[in-house]
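Novice: Mind looking over this structure? Questions follow.
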Amino acid sequence: MRDNPWKRAQAQLHSAASHLKLPGALVERLENPDRMLEVSVPVEMDDGRTETFHGYRVQHNNIRGPYKGGIRYHPKVDMDEVKALAFWMTVKNAVVDVPFGGAKGGITVDPKKLSEGELERLTRSFTQEIAPAIGPKLDVPAPDVNTNPKIMQWIREEYSKIAGKDTPAVVTGKPIEHGGSEGRVEATGLGGFYVLAQVLNLSGRKGRGLSVAIQGFGNVGSHLAECLKDAGFRIVAVSDSKGGLYVPKGIKDLKAVAQCKERSGKLAGCYCVGSVCDLSNMETLGGRDISPEEVLTLPADIVAPAALENAITKENASAIEASIVLEMANGPTTREADKILNARHVLVIPDVLANSGGVAVSYFEWHQNMHGDVWKKEEVFAKLKEKMDAASRAVYDASKEYNVPLRDAAYIVALKRLSLQ
Ligand code: NAD
């Protein structure tokens with residue numbers, strides 16, 4: 001049975017709150033989203049039919065600032081998932097200390113089955129439905145699974161039409177030439193790398209040479225892989241929804257692998273030597289094909305789930321060989337799995353810290369749009385590092401102070417900040 005992410009979010013809230021003397025009213029407020037919007041999204045399809053999709057926007061909490069969170073296009077999107085994701089945004093934004101509350105949105109759709117025109121009309125129709133509830137000082141969407149800068153720009157254009165003036169700050173993750181921030185595309189993966197480096201440093205471990213297996217090779221997984229490889233980590237496995245590759249000696253040319261996936265539509269078989277990527281190189285590289293799930297239980301020092309929720313469950317948690325789990329996806333570990341990993345002393349770096357680099361740079365983008373500024377990439381990355389280092393230290397210190405795993409510690413940091421508002 002699928003672990004209900006909203007129930008898990010509630011349990012995480014109560015577990016952390018039990019360590020603090022918080023006002024009852026605060027906990028009660030966080031137990032319920034401020035506003036839940038469920039909309040019908042009619043779309044004219046290429047064949048002339050009108051199909052109606054279901055869309056959601058959940059505004060969990062705005063104690064610390066405007067609601068903020070991504071929009072997901074996926075066939076499994078439902079209200080409980082969006083509620084949990086919105087709650088995790090409230091926590092994440094407090095952990096990384098940006099002046100935003102938490103929100104999330106989504107449409108139940110398989111975008112891979114839509115043409116470009118249908119995708120655009122879907123996005124514009126959804127924007128019309130949620131327009132009264134969003135705005136630069138009210139609620140600022142961003143990309144998530146299966147959404148990207150182009151989709152963010154469609155939202156900005158549609159919202160601006162309705163608002164009667166161009167409003168770039170209504171959404172983040174836009175293309176750079178349309179007011180997006182330098183560094184936003186890499187931000188979540190790079191932020192995860194900064195967090196990992198800081199946690200390794202604080203716990204007296206070395207990073208260079210450690211092997212890493214990554215589940216999910218989209219925006220987050222592919223950029224994380226690049227950053228880690230550049231820093232001397234060995235990327236031994238990558239996977240997408242169809243499968244992946246395991247190369248124990250380490251995947252040398254990640255860019256060629258990414259291009260191969262782009263061309264062929266899947267990672268499996270992307271064994272690259274020079275510009276040639278195919279199965280004929282598998283033996284030379286000493287690699288083999290793997291399933292999307294197998295990537296998590298391969299021999300590796302670090303495993304990074306960077307795909308969807310519920311990847312690590314009570315069924316596979318005991319088989320994880322890595323001593324560190326870097327949660328780049330939102331909610332990749334179920335409650336039962338979390339307990340198993342903790343009992344086995346696997347260090348779990350929680351999602352609300354590990355993947356908060358995305359929203360940190362989203363905040364930078366929003367800030368630049370609001371003030372008419374344009375920051376250089378180096379400046380963005382320096383500010384991102386500062387944010388991620390500070391958040392990592394705060395969470396690590398709280399884990400020592402309260403003698404709790406990093407996940408509880410992150411929630412404790414967030415709850416304390418939320419209670420100060
Ligand atoms: P994406 O759509 O760019 O990529 C998702 C990847 O996961 C794809 O490679 C897909 O093939 C793969 N995938 C899907 N199902 C899988 C499965 N069962 N097994 C293995 N791989 C699978 O999405 P993204 O933006 O990279 O987001 C990935 C995760 O990171 C999500 O949980 C998202 O909420 C979270 N996240 C994203 C951002 C961001 O800035 N994009 C920020 C914070 C958190």
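Positions of Cβ are set from backbone N, Cα and C atoms, glycine also.
Keep in mind that what you see is a predicted model, and the values were worked out from it rather than measured.
Okay, so TrEMBL annotates it like this:
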- Lys68, Lys92, Ser362: substrate binding site (BINDING)
- Lys104: active site, proton donor (ACT_SITE)
- Asp144: site 'Important for catalysis' (SITE)
- Thr188, Asn219: NAD(+) binding site (BINDING)
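So where do these features actually land, and what's packed around them?
Specialist: Long-range C-beta contacts of Ser362 (substrate binding site), restricted to its own chain and to partners at least six residues apart, with a cutoff below 8 Å, comprise Lys68, Val140, Ala142, Thr172, Gly173, Ser181, Arg184, Ala187.
The Cβ of Lys104 (active site, proton donor) lies under 8 Å from the Cβ of Tyr56, Arg57, Val58, His60, Gly69, Gly70, Ile71, Arg72, Val82, Lys83, Leu85, Ala86, Met89, Asp144, each of which sits 6+ residues away along the same chain.
Asp144 (site 'Important for catalysis') carries neither a helix nor a strand DSSP state and counts as coil.
Taking Cβ-Cβ distances under 8 Å and a sequence gap of 6 or more within the same chain, the neighbours of Thr188 (NAD(+) binding site) are Asn219, Val220, His223, Leu224, Met328, Asn355, Gly357, Gly358.
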Novice: At a 10 Å cut-off from the C-beta of Lys92 (substrate binding site), count the other C-beta atoms across all protein chains.
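Specialist: There are 29 of them.
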Novice: Would you mind sorting out which recorded positions among Lys104, Asp144, Ser362 put a C-beta under 6 angstroms from ligand 1?
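Specialist: So the answer is Asp144.
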Novice: Would you work out the biggest C-alpha to C-alpha distance among Lys68, Lys92, Ser362, the residues that bind substrate according to the record, and give it in angstrom as a whole number?
Specialist: 13
Novice: According to DSSP, which kind of secondary structure is Lys68 (substrate binding site) found in, if we only use helix, strand and coil?
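Specialist: SS state of Lys68 (substrate binding site) = strand.
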Novice: I'd like the number of other C-beta atoms within 10 A of the C-beta of Lys68 (substrate binding site), please.
Specialist: 29
